[in-house]
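Visitor: Sharing the features that TrEMBL gives for it:
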| type | residues | note |
| --- | --- | --- |
| TRANSMEM | 27-44 | transmembrane segment |
| TRANSMEM | 56-76 | transmembrane segment |
| TRANSMEM | 97-116 | transmembrane segment |
| TRANSMEM | 122-141 | transmembrane segment |
| TRANSMEM | 153-172 | transmembrane segment |
| TRANSMEM | 178-202 | transmembrane segment |
| TRANSMEM | 223-240 | transmembrane segment |
| TRANSMEM | 246-264 | transmembrane segment |
| TRANSMEM | 276-301 | transmembrane segment |
Amino acid sequence: MDQRLAAPHARPGHRLLRVLSLVRYRFFLYAGLLPYLLGAAWAWRVTGSVPGTTFWSGLGGVILAVIGVEAFNEYFDARMGTDRVFNPDDLPPMSDAVMWLGVAGFAGALAVGFYLTLLVGWPILAFAVLGGLAAVFYVAPPVRWAYRGLGETVIALSYGPWMVLGSLYLHAHTLASGALWASLVPGLLIMALAVVNAIPDFHQDRLVGKRNLVVRLGRQKAVGLYLGLATAGLMVAPIGVVERVFPPECLVTLLALPLLVSSARKAIGTYNTPRLFVPAIRSIVACYGVAVSLFTLTVAFDAWLHMPG
């Protein structure tokens, strides 16, 4: 389903442009920024300020890490033959430039992590190590989380608690139970997205031994799973408001609910037909973006309202 990059013998300039296009059109690159911003917004709510140096350095590290993740995913999935099962002659070989793009991304993220550890303290290194183990070995050997049925859980932890709490500690030098609760919004929604995104690739993944949750459960049950996860992610906001963990403004997160309903309507009856199922994926992508963005903005708005002076 993804665009492939030029073969190793392609012209260097053309190959580089194709490598960069990998980053430009990957949703998970942008999805990775939202939990980081949520953690920063919560830090603003806790301390009343967000240091510019750490904010921009951390943001750069997140971008580099997600570039590494996406490049490694493309490269090692191609090596395993995931995207070439039914059309082996249509796609050119995956360029080694993709792997080196991933290596460069992870190396840059590691450098940023060490720098921020010196600024803030060792807990930042702990969050960086957790994120690094999740990112590097998501599809890369010898671990391959995605091939062991753990990929979706690793994504939920990485884009949920680890990213949000890591960002909070980076900016506020503390952790908070409320932020852990808040991290469930992006965590559960991104896990739902990881599940729904694998449904069209059911046969390819099964044939190459990629034992993700869709392969283990089957497509019909996977539809129920992703809808349940997404519903739970949206319900975190009103429950948190009732429990006085979140400000009342966070109820606007529920404006994303129609997108979830739209995805459900499109998914039921089309999960066996990949091309017809694509609109269901697009709706849940939009649901994630709208819900997490609105949730983050309302947390930031509450922080602004309560600024001293």
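Glycine is treated like the rest: Cβ placed from N, Cα and C.
Nobody curates TrEMBL annotations by hand; they come from automatic prediction.
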Visitor: Go through 27-44, 97-116, 246-264 and flag the stretch with the largest number of C-beta pairs under 8 Å relative to the transmembrane segment (178-202).
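Guide: By the under-8 Å Cβ criterion, the transmembrane segment (178-202) pairs most with 27-44.
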Visitor: Cβ under 8 Å to the transmembrane segment (122-141), counting only same-chain residues 6 or more beyond its ends: which ones?
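Guide: Apart from its flanks, the transmembrane segment (122-141) reaches 61, 65, 68-69, 72-73, 76-77, 80, 106, 109-110, 113-114, 116, 147, 151, 154-155, 157-158, 162-163, 165-166, 169-170.
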Visitor: With pairs restricted to those 6 or more apart in sequence, evaluate whether the transmembrane segment (276-301) and the transmembrane segment (223-240) have 3+ C-beta pairs under 8 Å.
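Guide: Answer yes, regions in contact.
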